[in-house]
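Contents: one structure, followed by commentary.
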Amino acid sequence: MENGGQEIPEDANEHCPGPQSESAGKSDSCEGCPNQEACATAPKGPDPDLVAIVERMATVKHKILVLSGKGGVGKSTFSAQLSFALAAMDFQVGLLDIDICGPSIPKMLGLEGQEIHQSNLGWSPVYVESNLGVMSIGFMLPNPDEAVIWRGPRKNGIIKQFLKDVYWGELDFLVVDAPPGTSDEHISIVQFLQATGIDGAIIVTTPQQVSLIDVRKEVSFCKKVGLPVLGVVENMSGLCQSLLEFKFLSVAETGEQKDMTEWVIAQMREKVPDMLNFFAFSEVFDSSAGGGAKMCADMGVPFLGKVPLDPQLCKAAEEGRSCFDDIKCRVSAPAIKMIVDKLLSQIKVSRMEDGFGRIGRLVARVALQSDDVELVAVNDPFITTDYMTYMFKYDTVHGQWTKHEITVKDSKTLLFGDKPVTVFSSRSPEEIPWGEAGAEYVVESTGVFTDMDKAAAHLKGGAKKVIISAPSKDAPMFVMGVNEKDYKPDIDIVSNASCTTNCLAPLAKVLNDRFGITEGLMTTVHSMTATQKTVDGPSMKDWRGGRAASFNIIPSSTGAAKAVGKVLPALNGKLTGMAFRVPTVDVSVVDLTVRLEKPASYDEIKAAIKEESQGKLKGILGYTEDDVVSTDFLTDSRSSIFDAKAGIALNNNFVKVVSWYDNEWGYSNRVIDLVRHMASVA
């Protein structure tokens, strides 16, 4: 019999680690084996598979092992949702399910019935999303209810095979869902992964004492073998759900039960309607001894946080969905997100991808051509200064940079002509010393740190203000020419909205100010972007979005029209829209169809827009009556150029207007304009 290349004696015990293993003759499974003494004293040679495992894992940046002291604590549920969370943050993620005791990951990610597929590179993961691949021992079973009754040597051999034969490609994170407890295969996984440079382990428990006893053993095991404990997660930490999801009963002294749910809900709706938004919390397990937090404090390991027992999370896991895509997981999803953020901080990972990417480089171009804005520093942890120089100088869409000669002074400085620009390469925003470089305004153009809390990290490095070059769920949003006058000096973090909102909002403002808008629908015909696929590929959230960008017109969603309601409150709830992604590299067009409150002929509408384009909105809203096409607007710095000949009216109350925009260059100009405006009112 073989165990990953090792000959296993036929009379070996069930969980034999192999005669060449470091634990040969010493592990618990060796007790009573007729070969124990021979294995313990025999010379140990190098494991022939270990080199292959190390080579295979070389393309994985971070490896995280998810453990539990015992089964039934929700370890696999947490592994699945951790993987979903990391993928939602645009990391490249792999989830390896080697929980031989009961592989449940296929069900939790909607992959039941999948099989192992082999290519020239090895076993191929099954992709849930374009950046989330899964490989599970469950894929080897003929049906999901099949019992796993392999002997120890075969188990260890399978574990090795999964580690050395699965081709993940370039990964940011590999999450490994391991068997519970401290079995021999559990020990084997740790030994193999330690050789590849594992970050550490997350241990999942529940608050009940019997679970914590087992977790203490797990923590001790990790310390004994030198495996860092990244933290403990307390799962099922109290039942928490909306009052609307409860069933209310009246119980008589005889024990007879009567369903009173409808009556209770009706009473709340009539007398205290606000209670319908309440959540109820109840402890499931006794936590009087302090639970996971107290245990972590006693043992000197990090406590990552608590995940409540949320029926909606359970339902998401049963249906193979991410809790982050489910608005009903209003309690569990934020709890897991906080744990993930703490984990990333724990292992010092913050992704700032393409900090000098498309928008970052174009904003820099605009700044370098401005007399009143000075570029003093850029940050990108993923490219060197010489490659940064090349990417800035040559641009397929906007042409070669000719204003200054750009050269590399050293690894931390670029020269634009004679002007030095400091280059940082930090992954964490809070570690970027913006203040030392003299940077007062930071343009957050990574597309990652788009909420207030994440963007605020730049302030810790000395920045005074942060401009997010993307829509934000909670940062105040400003569109030049529309609502920039609402900005106040005490606002430190702002969003410049999206390129489409910057095109749509000025146009909608003119129509609403002059004629009033009752309701409207918008379509943007948008150039393809870097998030799309060059050839057909997996995109589980948006199947059509996974089709080849250069060969298809792809319907898509956009929040640009609804965002207009944030910068023009009078239009809140009156506009919505969609997008078509088309195979052009730049320049997009908005098609806005509205019903007007005040009747107006199309000529009157054209006249109003032309007047505004030459007045208050000059430089932001343009006007043309020429027979133009999209390439005529390449590198046009205006936000929105109204095409008078492209619009049409059905009658004096129902009209379609069309406006072009360079979704890269026009938007980048507005970012710098917003910086100027903020500085002017400081």
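Numbering starts at 1 and runs along the chain as displayed.
Any Cβ shown, glycine's included, is placed from N, Cα and C.
Unlike curated entries, TrEMBL annotations are predicted automatically.
What TrEMBL records for 1-45 is region 'Disordered'. The [4Fe-4S] cluster binding site annotation in TrEMBL covers CYS16, CYS30, CYS33, CYS39. Sequence annotations record features per position, and here TrEMBL assigns ATP binding site to GLY69, LYS70, GLY71, GLY72, VAL73, GLY74, LYS75, SER76. The feature domain 'Glyceraldehyde 3-phosphate dehydrogenase NAD(P) binding' is assigned by TrEMBL to 347-499.
Cα spacing between LYS70 (ATP binding site) and CYS30 ([4Fe-4S] cluster binding site): 22 Å, rounded to the nearest whole number. Shown are the binding-site residues LYS70, LYS75; the one with the most C-beta atoms within 10 angstroms of its own C-beta is LYS75. If you measure from the Cα atom of GLY71 (ATP binding site) to that of CYS33 ([4Fe-4S] cluster binding site), you get 28 Å. Mapped onto three states, the DSSP output places LYS75 (ATP binding site) in helix. Looking only at the binding-site residues GLY69, GLY72, the densest Cβ neighbourhood within 10 Å occurs at GLY69. Note on the domain 'Glyceraldehyde 3-phosphate dehydrogenase NAD(P) binding' (347-499): its mean pLDDT in the predicted model is 89. The 10 Å shell around the Cβ of CYS30 ([4Fe-4S] cluster binding site) contains 22 further Cβ atoms across the protein chains shown. Here the binding-site residues are GLY71, GLY74, and the one ringed by the most other CB atoms within 10 angstroms is GLY74.
When the neighbouring Cβ atoms lying within 10 Å are counted for each of the binding-site residues (CYS33, VAL73, SER76), the highest count belongs to SER76. What surrounds the ATP site, by Cβ distance within 8 Å of the Cβ centroid and not counting GLY69, LYS70, GLY71, GLY72, VAL73, GLY74, LYS75, SER76, is the set SER68, PRO180, VAL204, THR205, THR206, SER211, ASN235 from the same chain.
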